[in-house]
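Student: Sharing a structure with you now.
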Amino acid sequence: MGFLMEDESASYVHGGLAPVANVQNIAIDTKSPFYLHPSDHPGLIFVTQPLSENGENYFTWRRNMLTALQSKNKAGFVDGLIAKPDVHSRDFQSWIQCNAVVKSWIVNSLSRELQTSAAHADTASEIWCDFDERFTQGIALRVYDLKRSIALLQQEKSAISTYYRKLKGVWNELHNLRPIHVCTCGAGKKMQEMREEEKVFDFLMGLDDTYKTVRSQILSIDPLPGLGRAYAVAAQEEKQQVVAAARVPTIEATTLLAKAPHMRHGGDQKIDRRGENSGERRHGGLHCTQCNRSNHSKENCYEIIGYPPGWRRPKPRGGN
């Protein structure tokens, strides 16, 4: 808050219609909607995605733009709360200046196709109301599309965070179209609680079947946990599944190593199978005179025909 010295001279705006003291032994009210910070220049851009010509992103654009104007204490210049003062009013010149700045901010956030017509509007409120009339006619259809998107949205093996982010984007847009108005009777609070429960149901319905145990656990809790708690439980289960999946190759490798000695020393068993497969064992035991072992003949002895790759040569038994 600052103070300036008063000057007894006066100046006139718009051809001398309104005398305005050049002074200024008056405190600068930074909370006034007419206050412009030095950084509040007309070239500011508040929205990263401009409003498209067909208004496809209108509701998201409107929400983001309104939030930015509220942060600057200038929302009243578009919603009609700060009407144009009389030309003789002390606020007239301040209103003219602020309206021009807000109008520039809106134009900066539009696509090139919309900028031309908006630039010729007299007030920021005129631009705002024009877009409301043009792009809110199909609100019922848009609500239907959003509801349908929520019903069809599935996790489909994506990360819990990715799935949740998609849902939240649809929820936010739906909330912008159908906001819950504040009241003192408590009905608004009850409606908000019911809407939060619906979000929990939406979230659980779209989870993959690998989370069916978690889904059942959450639904069995009374009262039903909030959305944040449901997300935390599902995310924890996701981490456990990742850890369990990482352990499977280790277990398989350990099992393989445990079987390796048996495979290396399985020469006799392999020789036995040769006798069984040939049916010779059923007709009397075979005995190899080459290695002095049973269940195979000399013609099939590995010492003569060679050992398979990876097989360890057995230690010789006594005799020949």
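In case you wondered, yes, glycine gets a Cβ from its N, Cα and C as well.
As listed in TrEMBL for this protein:
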- 265-283: compositional bias 'Basic and acidic residues' (COMPBIAS)
- 37-86: domain 'Retrotransposon Copia-like N-terminal' (DOMAIN)
- 261-287: region 'Disordered' (REGION)
Student: Across the domain 'Retrotransposon Copia-like N-terminal' (37-86), what are the DSSP residue counts per state (helix, strand, coil)?
Tutor: 18 helix, 1 strand, 31 coil
Student: Taking only the residues in the domain 'Retrotransposon Copia-like N-terminal' (37-86), give me the average pLDDT of this model.
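Tutor: Across the domain 'Retrotransposon Copia-like N-terminal' (37-86), the average pLDDT comes out at 92.
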